[in-house]
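Data first, discussion second: the structure below is written as structure tokens.
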Ligand SMILES: O=C(O)/C=C/C(=O)CC(=O)CC(=O)O
Ligand SMILES: [Ca+2]
Ligand SMILES: [Mg+2]
């Protein structure tokens, strides 16, 4: 039953939290199309994570830090490779389990690190002005999102209501958004935290970040366009943010690192050095069964290490379970954009979705974001998908 090759094979081993037939939520690791019950394995004495795997979130293990993450991954690899007979009764088919939000989200920050996305949104939201604002190449722009509305893949998303004002209207009106959109992003899950006042340098990224999830930062473009100045996104993005149920450990992505794009002008010293590398992840956006876009992550201008360095440069602490997302992943081509705002150029150029022509999301639509990554020994890993269906407003 355990498939050690393939996109969820021995080189991957992403973590999640699951329940099965009424058992208490516990940590598991995905192996092929099955889940290995790590909580059960720990209770049976097969692995020792200080009790962390019996917990209903990954946070206890996240807090243990890099040495413990490595030890657990090594032990799981040994169990699967050499001692699989001991795992009888601890493996469940994926179809039989319910996957839960894998970690309790502490603080949630969303960056804006794709130059192509930022230039596209600038052109659409601020026509006539330079597409990038003057600060954009000096620091990774971000905002604090709403941690409490981060939901696991598979959770329906209710169309939000709010204030919208058409450019030609004098006053705003209230009602369901007419421009519901997605943002395909990559999220970084903080493991080891810091003390208030401390900074995380770019070189210390891997001591603090445990792993990666896929993110869909749902966005109501009409609400956003009316509310966002001067303090940034608020209700247009806080109604729901979806994350994949599986957290891919950074340790699985060692073969995925690639040099990040050169930065010009030169960045300040606290943002430079540390290897300056990005991840060669290939994203795919599927809308009602049609793949409409393939955003590449490698060209992102700001790296995850720079984002964490910037996020903590003022001494703001991070905690286990904090989540920071890359920002919308858009490549240079139209069919590489990570939002429908860009894909349909502000709704002006509909795309073909199945038999229909579409601009923004309609009730009943389902969007799934997937990604692959190079793994060790030529393996191709599939990150856990993030999917959701839009429900009518209430
Ligand atoms: O006002 C703007 O330029 C746009 C802001 C955003 O859409 C924020 C956001 O979520 C950034 C991102 O995902 O890249
Ligand atoms: Ca976003
Ligand atoms: Mg959001």
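Glycine is treated like the rest: Cβ placed from N, Cα and C.
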Exercise. Say TrEMBL lists 237, 241 as binding Mg(2+): which of 217, 264 is in the same site, per that record?
Worked result: 217
Exercise. Looking at TrEMBL, 183, 185, 217 are annotated for Ca(2+). Which of 96, 107, 110 sits in that same site?
Worked result: 110
For this session: Quick one: of the recorded positions 117, 126, 183, flag those whose CB is under 6 Å from ligand 3, and say none if nothing qualifies.
Result: none
For this session: Starting from the Cα of residue 241 (Mg(2+) binding site), work out which of the recorded positions (112, 117, 126, 217, 228, 328) are within 10 Å.
Result: 217
Seminar exercise, completed: Between the two most distant Cα atoms of the substrate-binding residues 112, 126, 224, 228, 328, the distance in Å is 18
Exercise. Relative to the mean position of the Cβ atoms of 110, 183, 185, 217, the recorded Ca(2+) site, which additional same-chain residues have Cβ within 8 Å?
Worked result: 184, 215, 216, 219, 237, 241, 325, 326, 327, 328
